[in-house]
Amino acid sequence: MIFITLEHILAHISFSLISVVTLAYWGTLVHQIEGLSSSGGKGMIVTFVCTTGLLITRWLYSGHLPLSNLYESFMFLSWSSSVIHIILEVRSQKDRGLGAITAPSTMLTHGFATSGLPKEMQQSAMLVPALQSHWLMMHVSMILLSYATLLCGSLSSIAFLIITFRRNRRILSLLSARDNSFIWPFPSRNNLYLHEQEKSDLQNTFYLSFTNHRKCKLTQQLDYWSYRVIGLGFLLLTIGILSGAVWANEAWGSRWSWDPKETWALITWIIFAIYLHTRVNKGWQDENPAIIASLGSFIVWICYLGVDLLGIGLHSYGWLI
(Lines of atoms letter the chains of each structure in order from A; the text may use other names.)
(Lines give C-alpha, C1' and ligand atoms only; values in the text may rest on other atoms or scores of the structure.)
Protein backbone atom coordinates (compact mmCIF):
# COMPACT_ATOMS: atom_id res chain seq x y z
CA MET A 1 0.00 0.00 0.00
CA ILE A 2 2.86 2.37 0.84
CA PHE A 3 4.53 1.65 -2.49
CA ILE A 4 1.31 2.33 -4.41
CA THR A 5 0.78 5.63 -2.59
CA LEU A 6 4.38 6.64 -3.25
CA GLU A 7 3.96 5.75 -6.92
CA HIS A 8 0.88 7.98 -7.24
CA ILE A 9 2.66 10.88 -5.51
CA LEU A 10 5.68 10.60 -7.80
CA ALA A 11 3.42 10.37 -10.86
CA HIS A 12 1.61 13.60 -9.97
CA ILE A 13 4.82 15.45 -9.08
CA SER A 14 6.60 14.42 -12.28
CA PHE A 15 3.63 15.33 -14.49
CA SER A 16 3.24 18.74 -12.82
CA LEU A 17 6.94 19.42 -13.24
CA ILE A 18 7.11 18.39 -16.89
CA SER A 19 4.09 20.58 -17.65
CA VAL A 20 5.87 23.62 -16.16
CA VAL A 21 9.10 22.67 -17.95
CA THR A 22 7.28 22.50 -21.29
CA LEU A 23 5.82 25.97 -20.78
CA ALA A 24 9.29 27.25 -19.83
CA TYR A 25 10.86 25.94 -23.03
CA TRP A 26 8.07 27.33 -25.15
CA GLY A 27 8.54 30.65 -23.39
CA THR A 28 12.25 30.73 -24.26
CA LEU A 29 11.38 30.44 -27.95
CA VAL A 30 9.42 33.71 -27.70
CA HIS A 31 11.35 35.79 -25.18
CA GLN A 32 14.80 34.10 -25.13
CA ILE A 33 15.22 34.40 -21.36
CA GLU A 34 18.37 32.51 -20.41
CA GLY A 35 17.29 31.97 -16.81
CA LEU A 36 14.03 30.42 -17.98
CA SER A 37 15.90 27.92 -20.15
CA SER A 38 18.20 27.01 -17.26
CA SER A 39 15.20 26.49 -14.98
CA GLY A 40 13.63 24.24 -17.60
CA GLY A 41 16.75 22.08 -17.71
CA LYS A 42 16.83 21.73 -13.93
CA GLY A 43 13.12 20.94 -13.88
CA MET A 44 13.65 18.17 -16.42
CA ILE A 45 16.34 16.62 -14.23
CA VAL A 46 13.94 16.59 -11.26
CA THR A 47 11.26 15.08 -13.52
CA PHE A 48 13.71 12.36 -14.56
CA VAL A 49 14.50 11.58 -10.91
CA CYS A 50 10.79 11.37 -10.00
CA THR A 51 9.96 9.14 -12.97
CA THR A 52 12.94 6.92 -12.16
CA GLY A 53 11.69 6.64 -8.58
CA LEU A 54 8.22 5.75 -9.88
CA LEU A 55 9.55 2.93 -12.05
CA ILE A 56 11.79 1.60 -9.27
CA THR A 57 8.88 1.69 -6.80
CA ARG A 58 6.67 -0.24 -9.22
CA TRP A 59 9.51 -2.70 -9.82
CA LEU A 60 9.86 -3.33 -6.07
CA TYR A 61 6.22 -4.14 -5.33
CA SER A 62 5.49 -5.98 -8.61
CA GLY A 63 8.63 -8.11 -8.51
CA HIS A 64 9.50 -7.60 -12.19
CA LEU A 65 10.71 -4.89 -14.54
CA PRO A 66 7.72 -2.55 -15.17
CA LEU A 67 7.32 -3.26 -18.88
CA SER A 68 4.44 -5.74 -18.83
CA ASN A 69 1.46 -3.54 -19.80
CA LEU A 70 0.60 -0.44 -21.80
CA TYR A 71 0.74 1.90 -18.79
CA GLU A 72 4.22 0.75 -17.82
CA SER A 73 5.46 0.96 -21.39
CA PHE A 74 4.18 4.54 -21.70
CA MET A 75 5.87 5.51 -18.43
CA PHE A 76 9.11 3.95 -19.64
CA LEU A 77 8.70 5.82 -22.93
CA SER A 78 8.28 9.08 -21.00
CA TRP A 79 11.34 8.25 -18.91
CA SER A 80 13.32 7.51 -22.08
CA SER A 81 12.30 10.87 -23.57
CA SER A 82 13.56 12.66 -20.46
CA VAL A 83 16.88 10.81 -20.73
CA ILE A 84 17.23 11.87 -24.37
CA HIS A 85 16.36 15.45 -23.40
CA ILE A 86 19.08 15.59 -20.73
CA ILE A 87 21.68 14.10 -23.08
CA LEU A 88 20.81 16.59 -25.82
CA GLU A 89 20.89 19.46 -23.31
CA VAL A 90 24.47 18.57 -22.46
CA ARG A 91 25.61 17.80 -26.00
CA SER A 92 23.92 20.76 -27.70
CA GLN A 93 24.92 23.29 -25.04
CA LYS A 94 21.32 23.87 -23.95
CA ASP A 95 19.83 24.64 -27.32
CA ARG A 96 16.28 25.90 -26.77
CA GLY A 97 14.83 24.48 -29.96
CA LEU A 98 15.53 20.87 -29.00
CA GLY A 99 14.11 21.31 -25.51
CA ALA A 100 10.90 22.69 -26.97
CA ILE A 101 10.51 19.38 -28.85
CA THR A 102 11.58 16.77 -26.30
CA ALA A 103 9.81 18.32 -23.29
CA PRO A 104 6.30 18.17 -24.86
CA SER A 105 6.98 14.58 -25.96
CA THR A 106 7.76 13.63 -22.37
CA MET A 107 4.69 15.47 -21.09
CA LEU A 108 2.25 13.94 -23.60
CA THR A 109 3.38 10.34 -23.07
CA HIS A 110 3.36 10.80 -19.29
CA GLY A 111 -0.04 12.48 -19.36
CA PHE A 112 -1.60 9.79 -21.54
CA ALA A 113 -0.29 7.06 -19.25
CA THR A 114 -1.64 8.63 -16.05
CA SER A 115 -4.83 10.26 -17.35
CA GLY A 116 -5.68 8.69 -20.71
CA LEU A 117 -5.62 5.02 -19.77
CA PRO A 118 -8.32 3.41 -17.60
CA LYS A 119 -7.38 2.42 -14.05
CA GLU A 120 -7.68 -1.26 -14.92
CA MET A 121 -4.81 -0.96 -17.41
CA GLN A 122 -2.64 0.82 -14.84
CA GLN A 123 -2.72 -2.06 -12.37
CA SER A 124 0.34 -4.25 -12.06
CA ALA A 125 -0.12 -7.98 -12.66
CA MET A 126 1.94 -11.15 -12.57
CA LEU A 127 3.92 -11.95 -15.69
CA VAL A 128 2.69 -14.76 -17.89
CA PRO A 129 5.17 -17.66 -18.16
CA ALA A 130 6.32 -16.61 -21.64
CA LEU A 131 7.46 -13.22 -20.30
CA GLN A 132 9.33 -14.62 -17.29
CA SER A 133 12.69 -14.40 -18.99
CA HIS A 134 15.88 -12.38 -18.69
CA TRP A 135 15.27 -11.32 -22.31
CA LEU A 136 12.36 -9.13 -21.17
CA MET A 137 14.69 -6.40 -19.95
CA MET A 138 16.95 -6.57 -23.00
CA HIS A 139 14.31 -6.77 -25.73
CA VAL A 140 11.50 -4.54 -24.47
CA SER A 141 13.76 -1.83 -23.04
CA MET A 142 15.73 -1.60 -26.30
CA ILE A 143 12.54 -1.40 -28.36
CA LEU A 144 11.01 1.33 -26.19
CA LEU A 145 14.27 3.29 -26.08
CA SER A 146 14.40 3.09 -29.87
CA TYR A 147 10.81 4.35 -30.13
CA ALA A 148 11.57 7.35 -27.92
CA THR A 149 14.78 8.13 -29.80
CA LEU A 150 13.26 7.75 -33.27
CA LEU A 151 10.25 9.88 -32.30
CA CYS A 152 12.52 12.61 -30.96
CA GLY A 153 14.57 12.63 -34.16
CA SER A 154 11.46 12.53 -36.34
CA LEU A 155 9.84 15.43 -34.48
CA SER A 156 13.03 17.42 -35.03
CA SER A 157 12.69 16.72 -38.75
CA ILE A 158 9.05 17.84 -38.69
CA ALA A 159 10.08 21.08 -36.95
CA PHE A 160 12.82 21.50 -39.57
CA LEU A 161 10.26 21.18 -42.38
CA ILE A 162 7.82 23.63 -40.77
CA ILE A 163 10.46 26.31 -40.17
CA THR A 164 11.97 25.87 -43.64
CA PHE A 165 8.57 26.06 -45.34
CA ARG A 166 7.52 29.21 -43.46
CA ARG A 167 10.89 30.88 -44.10
CA ASN A 168 10.81 30.14 -47.83
CA ARG A 169 7.20 31.29 -48.13
CA ARG A 170 7.99 34.60 -46.41
CA ILE A 171 10.98 35.22 -48.66
CA LEU A 172 8.92 34.51 -51.77
CA SER A 173 6.12 36.82 -50.65
CA LEU A 174 8.56 39.68 -49.99
CA LEU A 175 10.34 39.21 -53.31
CA SER A 176 7.01 39.08 -55.11
CA ALA A 177 5.89 42.33 -53.47
CA ARG A 178 9.10 44.09 -54.45
CA ASP A 179 9.02 42.81 -58.03
CA ASN A 180 5.45 44.05 -58.49
CA SER A 181 6.23 47.56 -57.21
CA PHE A 182 6.65 50.28 -59.86
CA ILE A 183 7.94 53.81 -59.17
CA TRP A 184 6.27 56.42 -61.43
CA PRO A 185 8.94 58.85 -62.82
CA PHE A 186 6.87 62.01 -62.14
CA PRO A 187 6.35 63.41 -58.64
CA SER A 188 2.91 62.75 -57.26
CA ARG A 189 1.17 61.67 -54.09
CA ASN A 190 1.20 58.07 -55.33
CA ASN A 191 4.91 58.36 -56.06
CA LEU A 192 5.60 59.46 -52.48
CA TYR A 193 3.49 56.57 -51.23
CA LEU A 194 5.44 54.10 -53.34
CA HIS A 195 8.74 55.49 -52.04
CA GLU A 196 7.47 55.00 -48.51
CA GLN A 197 6.45 51.47 -49.46
CA GLU A 198 9.93 50.80 -50.84
CA LYS A 199 11.44 52.12 -47.61
CA SER A 200 9.18 49.80 -45.64
CA ASP A 201 10.19 46.88 -47.85
CA LEU A 202 13.85 47.72 -47.19
CA GLN A 203 13.25 47.68 -43.45
CA ASN A 204 11.45 44.36 -43.81
CA THR A 205 14.43 43.04 -45.75
CA PHE A 206 16.81 43.86 -42.90
CA TYR A 207 14.43 42.32 -40.37
CA LEU A 208 13.97 39.28 -42.58
CA SER A 209 17.73 38.90 -42.91
CA PHE A 210 18.12 38.93 -39.12
CA THR A 211 15.29 36.49 -38.47
CA ASN A 212 16.42 34.25 -41.32
CA HIS A 213 19.87 34.03 -39.73
CA ARG A 214 18.30 32.81 -36.50
CA LYS A 215 15.99 30.40 -38.30
CA CYS A 216 18.81 29.14 -40.50
CA LYS A 217 20.91 28.41 -37.42
CA LEU A 218 17.96 26.68 -35.76
CA THR A 219 17.21 24.54 -38.83
CA GLN A 220 20.86 23.53 -39.07
CA GLN A 221 20.82 22.42 -35.43
CA LEU A 222 17.55 20.54 -35.89
CA ASP A 223 18.86 18.80 -39.00
CA TYR A 224 22.18 17.97 -37.32
CA TRP A 225 20.66 16.44 -34.21
CA SER A 226 17.81 14.76 -36.06
CA TYR A 227 20.33 12.78 -38.11
CA ARG A 228 22.35 11.71 -35.08
CA VAL A 229 19.39 10.90 -32.85
CA ILE A 230 17.71 8.83 -35.57
CA GLY A 231 21.01 7.03 -36.17
CA LEU A 232 21.11 6.07 -32.49
CA GLY A 233 17.45 5.05 -32.55
CA PHE A 234 18.05 2.88 -35.61
CA LEU A 235 20.86 1.08 -33.78
CA LEU A 236 18.67 0.52 -30.72
CA LEU A 237 15.81 -0.76 -32.90
CA THR A 238 18.18 -3.20 -34.61
CA ILE A 239 19.36 -4.52 -31.24
CA GLY A 240 15.75 -4.80 -30.06
CA ILE A 241 14.64 -6.75 -33.13
CA LEU A 242 17.61 -9.14 -32.96
CA SER A 243 17.18 -9.76 -29.22
CA GLY A 244 13.48 -10.38 -29.81
CA ALA A 245 14.31 -12.96 -32.47
CA VAL A 246 16.62 -14.79 -30.06
CA TRP A 247 13.98 -14.68 -27.32
CA ALA A 248 11.26 -15.94 -29.68
CA ASN A 249 13.48 -18.83 -30.72
CA GLU A 250 13.96 -19.83 -27.09
CA ALA A 251 10.27 -19.44 -26.18
CA TRP A 252 8.48 -20.73 -29.29
CA GLY A 253 11.17 -22.31 -31.43
CA SER A 254 10.82 -19.73 -34.22
CA ARG A 255 12.86 -16.56 -34.71
CA TRP A 256 10.24 -14.82 -36.86
CA SER A 257 6.50 -15.47 -37.12
CA TRP A 258 5.24 -12.37 -38.98
CA ASP A 259 3.27 -11.25 -35.95
CA PRO A 260 1.66 -7.77 -36.55
CA LYS A 261 4.16 -6.10 -34.19
CA GLU A 262 7.08 -7.88 -35.83
CA THR A 263 5.89 -6.88 -39.29
CA TRP A 264 5.50 -3.21 -38.38
CA ALA A 265 8.85 -3.24 -36.57
CA LEU A 266 10.43 -4.44 -39.81
CA ILE A 267 8.61 -1.70 -41.77
CA THR A 268 9.86 0.88 -39.26
CA TRP A 269 13.40 -0.44 -39.62
CA ILE A 270 13.20 -0.21 -43.43
CA ILE A 271 11.82 3.36 -43.37
CA PHE A 272 14.64 4.65 -41.19
CA ALA A 273 17.21 2.64 -43.14
CA ILE A 274 16.01 4.53 -46.22
CA TYR A 275 16.32 7.80 -44.28
CA LEU A 276 19.92 7.06 -43.30
CA HIS A 277 20.71 6.10 -46.88
CA THR A 278 19.34 9.41 -48.19
CA ARG A 279 21.53 11.31 -45.72
CA VAL A 280 24.69 9.92 -47.30
CA ASN A 281 23.32 10.35 -50.83
CA LYS A 282 24.26 13.82 -52.12
CA GLY A 283 21.32 13.85 -54.51
CA TRP A 284 18.86 13.63 -51.60
CA GLN A 285 19.53 16.44 -49.18
CA ASP A 286 17.74 19.26 -47.35
CA GLU A 287 14.00 18.57 -47.10
CA ASN A 288 13.91 15.11 -48.71
CA PRO A 289 15.35 13.10 -45.79
CA ALA A 290 13.25 15.14 -43.36
CA ILE A 291 10.09 14.11 -45.23
CA ILE A 292 11.05 10.44 -44.87
CA ALA A 293 11.76 10.93 -41.15
CA SER A 294 8.37 12.62 -40.73
CA LEU A 295 6.73 9.58 -42.30
CA GLY A 296 8.77 7.46 -39.92
CA SER A 297 7.20 9.11 -36.87
CA PHE A 298 3.76 8.02 -38.11
CA ILE A 299 5.04 4.48 -38.71
CA VAL A 300 6.52 4.30 -35.19
CA TRP A 301 3.15 5.13 -33.63
CA ILE A 302 1.46 2.47 -35.77
CA CYS A 303 4.08 -0.04 -34.67
CA TYR A 304 3.71 0.92 -31.01
CA LEU A 305 -0.06 1.33 -30.69
CA GLY A 306 -1.40 -0.34 -33.83
CA VAL A 307 -1.29 -3.80 -32.31
CA ASP A 308 -3.29 -2.62 -29.31
CA LEU A 309 -5.89 -0.97 -31.52
CA LEU A 310 -6.30 -4.30 -33.31
CA GLY A 311 -6.12 -6.33 -30.11
CA ILE A 312 -4.40 -9.25 -31.84
CA GLY A 313 -0.96 -10.80 -31.89
CA LEU A 314 1.51 -12.10 -29.32
CA HIS A 315 2.74 -8.57 -28.54
CA SER A 316 -0.66 -7.06 -27.79
CA TYR A 317 -1.22 -5.45 -24.38
CA GLY A 318 -4.96 -5.89 -24.90
CA TRP A 319 -7.65 -3.64 -26.33
CA LEU A 320 -6.78 0.04 -26.05
CA ILE A 321 -10.33 1.28 -26.71
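Note that Cβ sites are derived from N, Cα and C of the backbone, with glycine treated the same way.
Per Swiss-Prot, the features are as follows:
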{"type": "TRANSMEM", "residues": "1-21", "note": "transmembrane segment"}
{"type": "TRANSMEM", "residues": "36-56", "note": "transmembrane segment"}
{"type": "TRANSMEM", "residues": "70-90", "note": "transmembrane segment"}
{"type": "TRANSMEM", "residues": "97-117", "note": "transmembrane segment"}
{"type": "TRANSMEM", "residues": "143-163", "note": "transmembrane segment"}
{"type": "TRANSMEM", "residues": "229-249", "note": "transmembrane segment"}
{"type": "TRANSMEM", "residues": "256-276", "note": "transmembrane segment"}
{"type": "TRANSMEM", "residues": "290-310", "note": "transmembrane segment"}
Considering only Cβ pairs within less than 8 angstroms, which of the stretches 1-21, 256-276, 290-310 has the most against the transmembrane segment (143-163)? 290-310
For the transmembrane segment (97-117), sequence-distant contacts whose Cβ falls under 8 Å of one of its Cβ atoms, 6 or more beyond its ends: 11-12, 14-15, 18-19, 21-22, 25-26, 28-29, 37, 40-41, 44, 47, 51, 70-71, 74-75, 77-78, 81-82, 84-85, 88-89, 148, 151-152, 155-156, 159, 218, 221-222, 225
Same chain, outside the transmembrane segment (70-90) by at least 6, Cβ under 8 Å from its Cβ: which residues? 18, 41, 44-45, 47-48, 51-52, 54-55, 58, 98-99, 102-103, 105-106, 109-110, 112-113, 117, 121-122, 124, 140-141, 144-145, 147-149, 151-152, 225, 229, 308, 317-318, 320
Other parts of the chain folded back onto the transmembrane segment (256-276), taken as Cβ under 8 Å at six or more residues beyond its ends: 143, 150, 230-231, 233-234, 237-238, 240-241, 244-245, 248, 289, 292-293, 295-296, 299-300, 302-303, 306-307, 310, 312-316
